[in-house]
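Student: According to TrEMBL, the protein carries these features:
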BINDING   31, 35, 77, 82, 90, 97, 98, 119, 120, 121, 122, 123, 124, 343  ATP binding site
DOMAIN    24-179  domain 'Histidine kinase/HSP90-like ATPase'
REGION    1-343  region 'A'
REGION    554-624  region 'C'
Ligand code: ADP
């Protein structure tokens, strides 16, 4: 017998689980049954593919029984089983590094959120919420010896040799005194139906049924009792997605989602389709009500499970759908793929490629339909998933037009989101471009002095406050023939100017020269503005093809030190400050004011100025 301590993270996980999930402790059964079902999946898969277990024959089955007297609940399966190493690796440590990282990343508040914890599947350890001791007797398929693992879920576990005639695992829970209510036929039936009805293998429950015979009374006049031993299949064990759409109730769709993707919320919507023809497959996709917690992690867990002819293949392949659709949950069940399809083969497989590309079209098409027929639902959807869809704009060229119809932007014209289509429809006559402003927060951008110069003239400006927007725009030149123009770049100026602008520029040419000379190589150019109102004296403008100031900052953050593009300073002749410069002969004064004009314009853009001390000195001098 060997006695071992849990790795520290197991102890931490146990504490976390017990505290977060206690109010919902019934899920332990779902977790254990799903482990059994996974174990059968694994063996079935190996028996159908190559290797030493090919042709291995067994009759998949999950068996539950309980004993009120001994206070035990037993869950048994004839799946792959575990050898001694497996027991140490699987039940003594948290094997997946993703799980560990996830745990470490949780804030105290998140740790209290049982839905969040439930989402990643707490697994085997959740059984310690209801059991004071757990025994696992197990034998690995194709191997001789069997082992017994025992633990109280506190300090550690023991492993000893054991006997077991068939491959598989038997988990015996010695229930704690708070949890004996689970040792009840009706309660167990309820839980199996609730959480595990669609588990693909039969789940049997053994119980004693008491029959009363009212015809025959005993001495006390009570009906005669006989106890009948029963063992019945409880779950329906039919893969939901294989049934015809019309025979599935909405509740069934929802339960299937909630139980398989560990969500306590209903999905936002779902799409189920069966494709027949050259390639045959069935897909059932769900969109979660809220973006999965790991949607913006690089090592997110993919949400689509691949089956081949109802045999489970993988739920961990990021290639099943493009990365930007990583929030989609669901199932792809192919009739044509070979069962022993490996990850490498999957990536190059023609059938898989065709399933994937038509699934993407199907999913994007459904989003479009919802945007047209159910704006309220679409609003909810876009609040969660606008960002990943924007990623698609630069990663999925083939579906760019479909994605352009789906993404939404904030706008100077209304509070909610607008589509590019709507922008185009209500464009001013003669308008040739889509105007936008980017970089910075929504509030900062909305109050930018530049916007009013456009809205006053009747132009709508899109507010691109998402940091991904600019990156997307670098590859997105136009929408239906309309180029995108940033209003803080030179290119957007020409279109909105009127006759007076050139006159004004000519008149004030000398001031611009003066400021430019004072600033030297700090700027690319200094130009006279006709679009600012008198409350602002200057702003930053970028050359049409230069990255914006924020974009440069973003590139720097990504380690791109090389690029430093000088801004163009736009000065406002309506501002009294400019008049003072015009009138002044004092070179030092002009230099100080010009520098302040540049620095404050940068600050307006939310950019940290390089020399804060010089700025302060200039200000002190001017205020004095
Ligand atoms: P998860 O199922 O999310 O991997 P668990 O903590 O539930 O995490 O289980 C850990 C591991 O223990 C599983 O990945 C599996 O390898 C093994 N395991 C658990 N239950 C069984 C079982 N009934 N049969 C075979 N292996 C099992």
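Each Cβ is built from the backbone N, Cα and C atoms, and glycine gets one as well.
Burial and contacts for the listed features, if you can.
Tutor: Secondary structure at residue 77 (ATP binding site), taken from DSSP and collapsed to helix, strand or coil, is strand. Counting every protein chain shown, the number of other Cβ atoms lying within 10 Å of the Cβ of residue 77 (ATP binding site) is 27.
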Student: Which residues of the same chain, at least 6 positions away in sequence, have a Cβ lying under 8 Å from the Cβ of residue 90 (ATP binding site)?
Tutor: 82, 124
Student: With helix taken as DSSP H, G or I, strand as E or B and everything else coil, how many residues of the region 'C' (554-624) land in each class?
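Tutor: So the counts come to 42 helix, 4 strand, 25 coil.
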